[in-house]
Amino acid sequence: MSDKTNDDKTLSVNPKKTLTLKRPGVEQSTVRQNFSHGRTKAVVVETKKRKFSRPDEKPEVEAAAAPKPAAPAAAPQQAPASAPVSASAAQASAPQPAPVKAPATKAPAAPSAPVTKPHVAQQRPVHQRPGGQQAQRPRPADRSGMVLNTLSRSEMDARRRALEEAQIREVEERARAVEEAKRRAEEDARRAKEREESARRQAEEEARLKAEAEARRKAEEEAAKRMPQPEARSERRDDARPAPYGARPQQAGRPQGGRPQPAGRPQQGSPRPAPIIADAAPIAGKPLPQSQLRKPGQSDDDDDRRSGAARRGVAAKPEVRAPKVVKGEDDRRRGKLTLTSNLEEEGRSRSLSAMRRRQEKFKRSQMQETREKISREVTIPETITLQELAQRMAERSVDIIKYLMKQGQMMKPGDVIDADTAQLIAEEFGHTVKRVAESDVEEGIFDVADNESATVSRPPVVTIMGHVDHGKTSLLDAIRHANVVSGEAGGITQHIGAYQVVQNGQKITFIDTPGHAAFTAMRARGAQATDIAILVVAADDSVMPQTIESINHAKAAGVPIIVAINKIDKPAADPQKVRTALLQHEVFVESMGGEVLDVEVSAKNKINLDKLLDAVLLQAEMLDLKADPDRTAEGVVIEAQLDRGRGSVATVLIQKGTLHPGDILVAGSEWGRVRALVNDRGEHVKEAGPAMPVEILGLQGTPQAGDRFAVVANEAKAREIAEYRQRLARDKAVARQSGARGSLEQMMNQLQVSGTKEFPLVIKGDVQGSIEAITNALDKLGTDEVRARIVHSGAGGITESDVSLAEASNAAIIGFNVRANKQARNSAEQQGIEIRYYNIIYDLIDDVKAAMSGLLSPERRETFLGNAEILEVFNITKVGKVAGCRVTEGKVERGAGVRLIRDNVVIHEGKLKTLKRFKDEVAEVPSGQECGMAFENYDDIRAGDVIEAFRVEHVSRTL
């Protein structure tokens, strides 16, 4: 087997397998090591596949550290390839560090021979070729020539590379072994240092515990001198109970300290310290004060509880805090609970206030005292957060949240709840509830009772109502002796006018209301603010729709009616017809046996005007109208407008009290300070008493017509009320828009179903009442297909912002008795926005109606022409099928619409392509004649079918 052949190629390759040293497989894991005094530390533990010596196997380590003499016996005679192998094997086992010596109580370790043999000797036979290659290598002379001849250059290079790689791996393994030994040495040194530190702390802790035990013993002896009975009980308990663990004085003949531990067994933890304050020891032999002494029974019980766990368990729980070094005996306050003394190292304890609360709670539990529940009156608004509710009840928000969780509601302290839920919570916690609302800011402003002793007679407020063009304003003009009608556009009243006249030394306040149907709301406001209603009826026109509406408003307001039959000077006047027509509406005049006063007047010729005023004064005397002029003013807004030079101007009627310049008032959602008072003749007055109409200057904004106003104490109150009303108005507007708008899907469905078109408008008027009338009139014009959408409306001139809004919404601008400024006109020209001006509401409504009619889709009208019966069907080249027909009814026109009817079922509708008679195109074929007809894009025609001819017309519609 020693002979080599040329084909034995594996001779020089196999030995290099013995040179490879596998990298030691290291697995790391982390464990938590516990030390005394409750300290823990995370330790990295490495698990290796190679078997290392443990600290308790000292003989094995020493044997492993020495080189094995038997293995390298033939090393000097081996080939150079085997030298690195033995060197690396010896080097791998050489750098094993000597472990720390085990204590003398440790058991002897096992023999070392079985440990070292598998490490080196078992690797070599695995990679050797069978047949004793190692024994034959000392004879190179016999094989040297043969070996050189059989090894090729590539094989020599492979062997050289294998040797170089083995040397590199050897160096790496040696460096890795050195680092591992260094790390283990550092780890052993650190552990030794920690053990020394732990032993030192344990010794200090034992010394401190001994000192505390001695101090406690002396304190108990001092207390026993004053209280002999508790001392006897304490002694009996001490005799019947073993000494506490590491805390009691030792018996005679027994050394101080803990219980001795058996050999080879670690100590079972440090003694548990008694939780007493350090300053309890007597200083300089002086007895402690009575306040610092504990009761003997209580101290023994506490010691039993503290030491019981140490006696029963294997190891007591270590103390968290580090021992404190006492500087001197006179340091009395050393044991005081402070932040610095209780937060040393990792320890942490309760604060002084927490300890005090705990002591108070313990005292109450011992004395069986319960904390008295304080019931409070909790003010709850309409909405409140849980945190604010807890603060008002002086309760913890956690308790409220727990209560709500029991009720099945998961809420946070910042969540908002309503008043009902807050009331339930407050009552559940034993508090009384006082509900308040945002509307409470208006309490005490309106409907304040008058002082009956200070009331005086006031002028009556008379409203003139009736149908349009029945002479209401002409009658008021005749009474005032002033030409009011000539100043109004179109001769009709556009807004309420309030005037005051004097008759026989007595004042009468008149309110003129429009008679047009669009001004229904203004008539209603006039009736609500009045004492007497004069119903004007034309003698030649009798009762009209607006007359009936005025009667209903007066009855709804509960005011008496005086009928003024006007235009008696006309030839067609019939006053008796008017009285009879009023009977149908339950208005019974005196001449017809009723109680309603009626006067025949002529505003044009000023006939019987005195009788009408006397009837008004008589009715006012029967009503006995009184008011308190010394109280704060209260009334109603008749009309409001935005004047360019004076700002917001409101025409108001004082109902109670007296209004002065400088008063702060609230009108609807607006407030302001009265800057000036102007009467109906344009004169500035210093005060306005009850039933006096005046114009107020100084409001922050333009109020709505019909709003009530009242004088308040200060600006803060006025601002609060105005903000509350503005918030209500915004909420209503949002709710109305959201309810009308809905979701996008609903809008699209509505448009698909109804196909509603909108006509957007921006309306600006002179007064708020006129804008309201225009809005109501335009709403009535709307249908299911088209309606007017008012993007914005307001009192005042047309501004540039109105033009921008109209441009954004693609709306038209309408000005009623107002004009646009220069900037607005220029902007409208640039943007292409149309601005229309109107003075009469009739014209405005007619134009908008015509524009809305243009949005309507034209109506499709169908006119029947005639029927024709198909007699024969012909196939004609380049034309298709042609029906030979006879007109049986009416006529058939070329280009008319046709329907193909088969068995009384319409199977096709289209247009007639050709209409011929004897090969000639004709315009129409009358009844009884035959013709040929062809349809557009349709050939399915049969003999016997009926053709119906009709004409379609599209007619534009109007509203």
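Note that Cβ sites are derived from N, Cα and C of the backbone, with glycine treated the same way.
Copied over from Swiss-Prot:
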- 466-473, 512-516, 566-569: GTP binding site (BINDING)
- 1-10: compositional bias 'Basic and acidic residues' (COMPBIAS)
- 27-37: compositional bias 'Polar residues' (COMPBIAS)
- 63-118: compositional bias 'Low complexity' (COMPBIAS)
- 128-138: compositional bias 'Low complexity' (COMPBIAS)
- 154-225: compositional bias 'Basic and acidic residues' (COMPBIAS)
- 232-241: compositional bias 'Basic and acidic residues' (COMPBIAS)
- 246-284: compositional bias 'Low complexity' (COMPBIAS)
- 318-333: compositional bias 'Basic and acidic residues' (COMPBIAS)
- 457-626: domain 'tr-type G' (DOMAIN)
- 1-374: region 'Disordered' (REGION)
- 466-473: region 'G1' (REGION)
- 491-495: region 'G2' (REGION)
- 512-515: region 'G3' (REGION)
- 566-569: region 'G4' (REGION)
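Broken down with DSSP, the compositional bias 'Polar residues' (27-37) shows 2 helix, 8 strand, 1 coil. With a 10 A radius on its CB, K472 (GTP binding site) counts 28 other CB atoms from all the protein chains. Counting every protein chain shown, the number of other Cβ atoms lying within 10 Å of the Cβ of G466 (GTP binding site) is 28. If you take every residue in the region 'G3' (512-515) and average the pLDDT, you get 62.
Under DSSP, the residues of the compositional bias 'Basic and acidic residues' (154-225) split into helix, strand and coil as follows: 72 helix, 0 strand, 0 coil. I568 (GTP binding site) falls outside any helix or strand according to DSSP and counts as coil. In terms of DSSP secondary structure, the region 'G1' (466-473) contains 2 helix, 1 strand, 5 coil.
Just so you know, the Cβ of D469 (GTP binding site) picks up 17 other Cβ atoms within 10 Å once every protein chain is counted.
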